[in-house]
């Protein structure tokens, strides 16, 4: 399967091969249909509206904008539904290369004496106050609002505001700073006009017509005194906060076409992504992580090649009984090192779920690196992750059952039920509570009841049976054979120094893995909560590999120190040492909330921390599993090369 995907990625460079759903669309002028199947009309689709000041996204129709009710909305994949994306057709339609000036779309009239109209107007004002942003789509490409920022750079935002607010003190908020005419105190300025510029590229050699390579927009506000024949004149359209009476909002647009010979269809996202100056910081993050990995690798290599080599050579040269009685260090606990841990049932369940998450993450990021889950493939990343998680029930059940049997457990029914329901159940319960809040707030992110049933069906009808199958094969196989026998009577652990006690070691163990990822974590949180595009999956995959190496090496290092201190309780400690990285992640998420976000409102705050707890739990299982298996390999390796009487 992986070889087939790799072959597909190589073929993607050849002419005529495109990823599913991402093939180019040709456009031509009316009356010049030289290319078979070319489109004459450009359709503009609208997505949900979101805000950096609120976690709650809303559908386009929730704000009573001009809507298209005749056309059927495009089908959405599972990832889009989970993220609350609601793509709908819009009344903004225009013929290719046909210029339009101040064309009317519709006029909305509100009478504040009518409770329904007043509620709609109040909701629109609330949206402007919280800086809600439009997200429009043309030819599966975001319509961007490009503006100059400091140092002469241009930033292209895949969204634009519905309006802005000037405070009672005359201070313009958000987008109101762009126009000095927005100076009316305690007033809302509505962006009721848009100038749309479509950039296209003519494919001359292939005779495939023209392809759209960019769609840019500039929101404006016009009074438009003549609703029947708008001319986009007059001052800006504003609404006083305490206005009463009848209020009309005419919506208009202009469209212009520009031929661009420099941008090709395959690189049409570049101008959006290049305006985000993150690449240098990403390289700094990678170099920072590599330094940590090299440091840890050096420490582990020194232990493995020097200290351990000397220890093993010395232990193996002990021929007399007197020498054997004078054992010390990690060999002294060889009869207890594979003793089953306390709460082995819970540990095996965690490791089964962690294995499921690890494989899911690896495969998802691998697909993303191949380009299958690019930003153009909306919802593809989440859909891929959910489907993989459902299909990976078998390795979860197998790992949990095999380890539980190796721990000497016999309650196999309880083990398989906990593997299938404990961790997924906690995540689903948290998600369901968050969904209830979204339902109550009328947000577009609220999952429809049918989709909720579909997810439960995937869980109960596919994931659970696959977990049972994996557990069956895990219990059927013999337990893992250890290189040394376990004594019947457990050895007493000597008094430990501060640094070799469990809690300090666990706390220290999570620092280095977190140090490798915290910069990358900033961009991931930005993409989730600040609605920025995340596209550097190559960087992310590299950081993923570095995280796996760092977790493994840090856990092995601490495991060796604890074994030398004659503390043989390594199973839970290795899991928690690496898993403690999730606690640092949680602390960073709290810091990010208070220092970077402007989220207001109780519902948004609860949603942020509710979803953050889900991410922290998944990260805990993921990193903890890496630490356990790294330590398991290390302990098995060192005790398998020592002669034990």
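Easy rule for this one: first residue shown is 1, then count along the chain.
Cβ coordinates are placed from backbone N, Cα and C, and glycine is handled just like the others.
TrEMBL lists 1-16 with the feature signal peptide.
The transmembrane segment annotation in TrEMBL covers 283-305 (among others).
Within the chain, the transmembrane segment (349-373) has long-range Cβ neighbours (under 8 A, six or more residues past its boundaries) at 2, 5-6, 8-9, 12, 19, 380-381, 384-385, 388-389, 392-393, 395-401, 403, 415, 418-419, 422-424, 537-538, 540-541, 544, 575, 618, 621-622, 624-626, 628-629. According to TrEMBL, the feature transmembrane segment maps to 349-373 (among others).
Through the fold, the transmembrane segment (379-404) approaches residues 76-83, 85, 344-345, 347-349, 351-353, 355-357, 359-361, 363-364, 367-368, 372-373, 412, 415-416, 418-420, 455, 458-459, 462-475, 477, 479-480 of its own chain, all at least 6 residues removed from its boundaries and within a Cβ separation under 8 Å. Annotated transmembrane segment per TrEMBL: 379-404 (among others), in sequence order.
Tertiary neighbourhood of the transmembrane segment (416-440): same-chain residues 56, 84, 345-346, 348-350, 352-353, 393, 396-397, 400-401, 446-447, 452, 455, 459, 463-464, 467-468, 471, 603, 606-607, 610-611, 613-614, 617-618, 621, selected by CB-CB distance under 8 Å and a gap of 6+ residues from either end. TrEMBL lists 416-440 (among others) with the feature transmembrane segment.
Here TrEMBL flags 452-475 (among others) as transmembrane segment. Remote same-chain residues near the transmembrane segment (452-475) are listed as 78, 386, 389-402, 404-405, 412, 415-416, 419-421, 424, 428, 432, 435 (criterion: CB distance under 8 Å, separation of at least six residues from the stretch ends).
Residues annotated as transmembrane segment in TrEMBL: 506-529 (among others).
Annotation source TrEMBL lists transmembrane segment at 535-563 (among others).
What TrEMBL lists as transmembrane segment is 575-594 (among others).
The transmembrane segment annotation in TrEMBL covers 606-635 (among others).
Panel annotation: around the transmembrane segment (535-563), residues 269, 273, 278-279, 282, 285-286, 289-290, 292-293, 296-297, 299-300, 303, 308, 329-330, 333, 337, 361-362, 365-366, 368-369, 373-375, 499-500, 505, 508-509, 512-513, 516-517, 520, 523-524, 570, 573-574, 577-578, 581, 623, 626-628, 630-631, 634-635 of the same chain, lying at least six beyond its termini, place a Cβ under 8 Å from a Cβ of the stretch.
For the transmembrane segment (575-594), the list of distant contacts is 347, 350-351, 502, 505-507, 509-511, 513-514, 517-518, 521-522, 525, 529, 551, 554-555, 558-559, 605, 608-609, 612-613, 615-617, 619-621, 623-628, 630: same-chain residues at least six beyond its ends, Cβ to Cβ under 8 Å.
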